[in-house]
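> One structure coming up, written as structure tokens, with questions to follow.
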Amino acid sequence: MVTTEVRTAVSDKEPLQRSPELDSSTDFLDNDRLKETFSSGALDFDEWTLLISEIETTSFPDDIEKLCLVYDAFLLEFPLCHGYWRKYAYHKIKLCTLEDAVEVFERAVQAATYSVAVWLDYCAFAVAAYEDPHDVSRLFERGLSFIGKDYSCCTLWDKYIEYLLGQQQWSSLANVYLRTLKYPSKKLDLYYKNFRKIAASLKEKIKCRIDVNGDLSSDPMEEDLVHTRHTDEEISIVVRELMGPSSSSAVSKALHTYLSIGEQFYQDSRQLMEKISCFETQIRRPYFHVKPLDTNQLDNWHAYLSFGETYGDFDWAINLYERCLIPCANYTEFWFRYVDFVESKGGRELANFALARASQTFVKSASVIHLFNARFKEHVGDASAASVALSRCGEELGFGFVENVTKKANMEKRLGNFEAAVTTYREALNKTLIGKENLETTARLYVQFSRLKYVITNSADDAAQILLEGNENVPHCKLLLEELMRLLMMHGGSRQVDLLDPIIDKELSHQADSSDGLSAEDKEEISNLYMEFIDLSGTIHDVRKALGRHIKLFPHSARAKLRGSRPSGNLFRELIQRREKTRERLNQDLLTNKGISSIVDSPPKEKKESSLDSYGTQSKDAVRADYVNTEPNQGCLTSGHLVEGNDNVIERETLCESQSDLSMGLKANEGGKRSHEVSLPIQASPEHGFVTKQAHFSSNSVDTVKSDAIVIQPSGSQSPQSYQSQESLRQTGRNRYHRRDLNQMHRDSKPRSQERPPQMPYSPVGTGREILGQHMAFTHQDNRVALQSSTSQNPQNQFQNSALQMHPVVQTSNAYPQSQIHGQHMIVSPPESQNPQNQCQNSTSQVQTSFAYPQTQIPQNPVQSNYQQEGQMQSHEAYNQMWQQYYYSYYYYQQQQQLMSEQPQPNQNPQPQLDQNLVQLLSKQYQSQAKTQYLQPQQVEQVNTQQQSQEPQNQQQIQFQQQQQQQEWFQQQQQWQQQQYLLYIQQQQLQGEAKGDEQRLSMPQGSTTNSDIQKSQESGAVNEANLSSDTSISSI
């Protein structure tokens, strides 16, 4: 029986008496019901704790049998709950004998061998209950042998030191102080101080003995300490000599060795403590609980274990693993790691013991631990134990059932038990074929069984038979059909086509309802896979048969293949939308710059809004009209060059409908009049950081006639001589506008392969208004000249830009010679005449010009010669009008120069006045640009360099230089005009001689045609000669 002192030490409460009223209300807690509940495993941790609290405090506080039943069942499930072991032992102390309490503690240390709290409770019980001090000391030593290396075992060390001090066991106390320094702990520094104190007391004892006996030996504390390694047996001998009745010299030597061992232990522990302090400080829960640990805690333990494995102390690493498995007992990953580590170090017994604890107690419900145990047993050669362990892996249906069966059968195959492997699958299939709810599990088992059968027998027929059996037991299963086709595709070959085709045909022709059969998507996938198989293994007859069935069942797939992919129809719509955005942005920029620009707006009648067709795209006429009437920005008018920025590039790329669209320069206004537009190639130079682009026009031969030309008249004038030609042009233009609309339908289908070249915009000039920076610029780079003409505000006489396309070398045969300005070919021809004899086509011309309106077809038969003189007269009139327009434009340009230099005229429109500094800056910029336009490229570079390095020169000097340069240029133009006129007279003479020969001939039509061809060739040769002479003159 337990003594009264033990009862008092364990519990201060008096035993509670059972109340009779509770007997009737606690029938549900009878032992049989409790055993049934415990065996079912239906209780979780919280329910267990509630049940124990109910029995202890209310129902059966003194029923030791019921308490033992509950505690035994609970601690079997959760053996690491040291608090419940202590409570269970206290119940034994109160209600049973001391031996019963000792038995409980022994079970506790067996279940939780490395738990500091369990050993502390056990030793505290021993100090209070045991009468023999040696029994208590042996219990302390036993516990310290397991947990003495634990970082948190200082509580047990403190309890042991307290007990030894009470018992005055100095020899044992000296040994304990030395051992506390061997491994790092929370109180390592405190233990070292106590060690130094006991060493000092021993030194005083030795000094007293020396004084009494007169021993002259040296003081051991003054000698150098030599650090050497000592075993536990040697340490015990040293302590025995130190505390025993030995001579002073022996005691002094023992004390020196004792101090040396202590210092070595402390230094080593201190170094190790510095390394593990980072891990120890992150441990938040060193005890067991069912609540999961956070990720940081788990990662810290993994890192701590990795350090322990590499440190080199196997015993300390084992203690670290055992300490980790207390809070991490529910994590199988740590058990796997522990077993692998100790097995790699040769501790197979420790590995088996760890696996037994994990698979039977701590994580026994996890199938992975049983699988790991089985593979470990198989690895060590224990096949029977491996089979037993594998039998515990989820034999019940549910999650992981197929995997467990497969692994068990594969293990039997590895062990050579082929029949046992087949039996494993057969037993599992018998379980799954009982109900229809396990059809998916059954199909997966058949797939794995077929693979195992092929590996064992190396026969595709045997494996296919397993799958055919599965298809009969689990009909309309996509998984089995796919596995069967893949198996036969890899191993069966053509001999299995007759076997597989009826099965596939049956599945595809089966009419699926809501509960049976394959879906339409599954059928299509099965049919596609079968066509792959039949294409690989079948004949052409089989392929056509399978393809016909597939198209019949799934016609949409065939249509998709035949139709293919087409480009999106929204590309053109997006292009038109980008055009609209670009045009709106340009208009906004023009409105923004209107304060410093003096551009005269176009008449409202000609500013038409772009219309959209039914598909949301803008018509070509609207786009062309909007583009032609768009006002140029201030930069273009001021500099005289066309600077190509990003917006201009987008504008030209998107608005270029076709090559022929660039050549159309006529636009009918609402008043019936026609405005003429002329645009020439422009040589732009880099200026103000922008990259300018060379304007390059190319002619288009579509719907063009060589005799078509454009009438150029001075602005604001209509001479009587030109009225007849203009009226003829109006009549012809009305008829051709209808044809141009028809020709646009043909041009839409042509690719837009050419980038729209930049054009120099021309705006009309109003009376009394000054256009700031508007002038005529001539450049000599690449033999190109940009001519800008100014016209009146009258809508009937207004000149607009024309998109004439030219190349540097263009040969045309018209009624008059081509006008050339410094190597540039500018085409100017009279209005269309009804006399086709005046239209001489040049067969050797490389590029034909494309005029501003569609051309009418010219009959090939010659007409009466009385129209010849009228055509020549019109040619002379057009030639005179061209040079009259040129002189007028040049005179008007000089007037603008003078007005600009003297004083700026106020704008007619109510606009805010410019700042005087801004006006001066714009004037200087305009004058510098006008100067550089008439210089050679080398001179332009010199002028730019001088302008950057020197201050701006006087305005009068710049104007004087400009006038001199203009006079020199005008003299050159007069010489060139005379040469051109001589060439023109020669050409007219040659044409007159050729036409006179035609009139003298009176041959049939067939011979006339041959002679015309010969004469046209001769005329082409003459034109080539004239062209070469023109080129030479222009180069001069």
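Quick reminder: no glycine exception, Cβ is built from N, Cα and C everywhere.
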> To which of the residue ranges 1-24, 673-696, 793-816, 961-984 does Swiss-Prot assign the term region 'Disordered'?
1-24
> Cβ under 8 Å, sequence separation of at least 6 from the ends of the repeat 'HAT 6' (312-344): give me the contacting residues as numbers and ranges.
80, 112-115, 146-147, 149-151, 183, 285-290, 292-293, 297-298, 301, 304-305, 350-351, 354-355, 358, 362-363, 366, 368-369, 372, 376
> Residue list, the repeat 'HAT 2' (96-128) vs rest of chain: Cβ under 8 Å, 6 or more residues beyond ends.
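That would be 1-3, 5-6, 9-10, 64, 75, 79-80, 82-83, 85-86, 88-90, 135-136, 139-140, 143, 146-147, 150, 152-153, 155-156, 159-160, 163, 287, 319, 322-323, 325-326, 361.
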> Could you give the number of helix, strand and coil residues in the repeat 'HAT 1' (62-94) as assigned by DSSP?
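Residue counts in helix, strand and coil order: 27 helix, 0 strand, 6 coil.
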> What is the pLDDT of the repeat 'HAT 5' (278-310) when averaged and given as a whole number?
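Summing pLDDT over the repeat 'HAT 5' (278-310) and dividing by its length gives 95.
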